[in-house]
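Accompanying notes for the structure given below.
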Amino acid sequence: MILIKNGRVIDPKSQRDENIDLIIKENKIYKIGKFDESDEYEKIIDASGNVVAPGLVDVHVHFRDPGFTYKEDIESGAKSAARGGFTTVICMANTNPIVDNEDTFNYVKEKSKNACINVLQAAAITKGFEGKELVDMEALKKAGVPGFTDDGLPLMDSNLIMEAMIKAKELDVPLSFHEEDPSLVGNPGVNAGKVASELGLKGASSVAEDVMVARDCMLALKTGAKVDIQHISSGVSVDMVRFAKYLGATVVAEASPHHFTLTEEDVLEFGTNAKMNPPLRSKWDRDKIIEGLNDGTIEIIATDHAPHSKEEKDREFIKAPSGIIGLETSLALGITNLVHKNHLSMMQLIEKMSINPAKLYNLNIGFIEEGAVADIVIFNPEEEWTVESFVSKADNSPFKGKSLYGKVNYTICNGEIVYNA
């Protein structure tokens, strides 16, 4: 048994926020209350000054297996997640081969059994990411797929998307969408505007996102499907999601830490380590994302953890791949830029990083109560630390060298300590 003493337990399900102890027995939260130390515990953790929260859940990561394991693999990705306080992640399907069939899905599922945290795998919406024919969603759901996404590529056939939504509604699974109309993207990875012009690039206009978000919100309203707008970056799109929710659509949006922290100006400082799709946008867009997080329009924070090798990111801007890593800095960026700046309460932040993403994928996790699975993160929200090295195979991050608040000290998954600072 493990006794966690003197911590500030924050649980978004019950709205509990109090100094109280937890006992973990086997893989469950056995008791919540006030307990004395004794020899019966194998481990006693003094969580004084720390928040004790549900293990974090990230619904948007790339662990690059199969096909690109020189960038990341399931083991290294899981360890990176554990260091960041995450106990469950959902991997995207843009691997090689693409996860669009049961064999590839089962390969990842089998490899994930040895991971230190819960690694779940989403499947593609269309075969081969070609946007022409739906995968066998029913068979894949039976195999254990929690949701479907062609993340990395936008889906352009509206009728096919409507078919997918009707099927997803029937199967009670979410569909997650990467929203960028390629015909409106001059150069990916940088916002169309002043910075793109300085770099001699056309950039990617926010309207490329807006038109796709508008379409998918309306299709979600029509079909009743549960739809996730991935890595929202445009302020106008935030307003559209808010309106779609008002109309009754089951639409959720996820924001990445880089989109609520940085702006297009940071591309000039960090170069390819600030290149991602969708790109960093204007200060106005960033402020609209923070507003959306604050008022509940954006329910989920997800990293879009996208590892690349140093050689790939060292190429010139236009040739370098898009994406940055995020698992090891996500919580601290939320604490530093949202909680400490009074945009969100600690309860709201934890909610957007645990129970809300779990609900999207119909997972019965993300909360602290007796009998629940013992997935726990223990972190000091006031401890300052400098981002220096990563557990991930990659280090493509614009936050290297930055001082952040919020240090993860323990991550416990299924009752086992999987990370200890």
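Heads up, the Cβ atoms here are built off N, Cα and C, so glycines get one too.
In the three-state DSSP reading, ASP304 (active site) counts as coil. Note on ASP304 (active site): other Cβ atoms within 10 Å of its Cβ, all shown chains, come to 29. Per Swiss-Prot, active site is recorded for ASP304.
The Zn(2+) 1 binding site annotation in Swiss-Prot covers HIS60, HIS62, ASP151, ASP304.
Sequence-distant contacts of ARG64 (substrate binding site), defined as residues of its own chain at least six apart whose C-beta falls under 8 angstroms from its C-beta, comprise LYS71, GLU72, ASP73, GLY77, THR95, PRO307. Per Swiss-Prot, the feature substrate binding site maps to HIS62, PHE63, ARG64, ASN94, ASN277, HIS308; the stated evidence is sequence analysis.
Mapped onto three states, the DSSP output places HIS231 (Zn(2+) 2 binding site) in coil. Look at Swiss-Prot and you will find ASP151, HIS178, HIS231 tagged as Zn(2+) 2 binding site.
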DSSP-derived class (H/G/I helix, E/B strand, else coil) of HIS60 (Zn(2+) 1 binding site): strand
Cα of PHE63 (substrate binding site) to Cα of ASP304 (active site), in Å and rounded, measures 10
Candidate nearest ASP304 (active site) in space, where candidates are the binding-site residues HIS60, ASN94, HIS178, ASN277 and distance is Cα-Cα: HIS60
Within 10 Å of ASN277 (substrate binding site) (Cα to Cα), which of the binding-site residues HIS60, HIS62, HIS178, HIS231 do you find? HIS178, HIS231
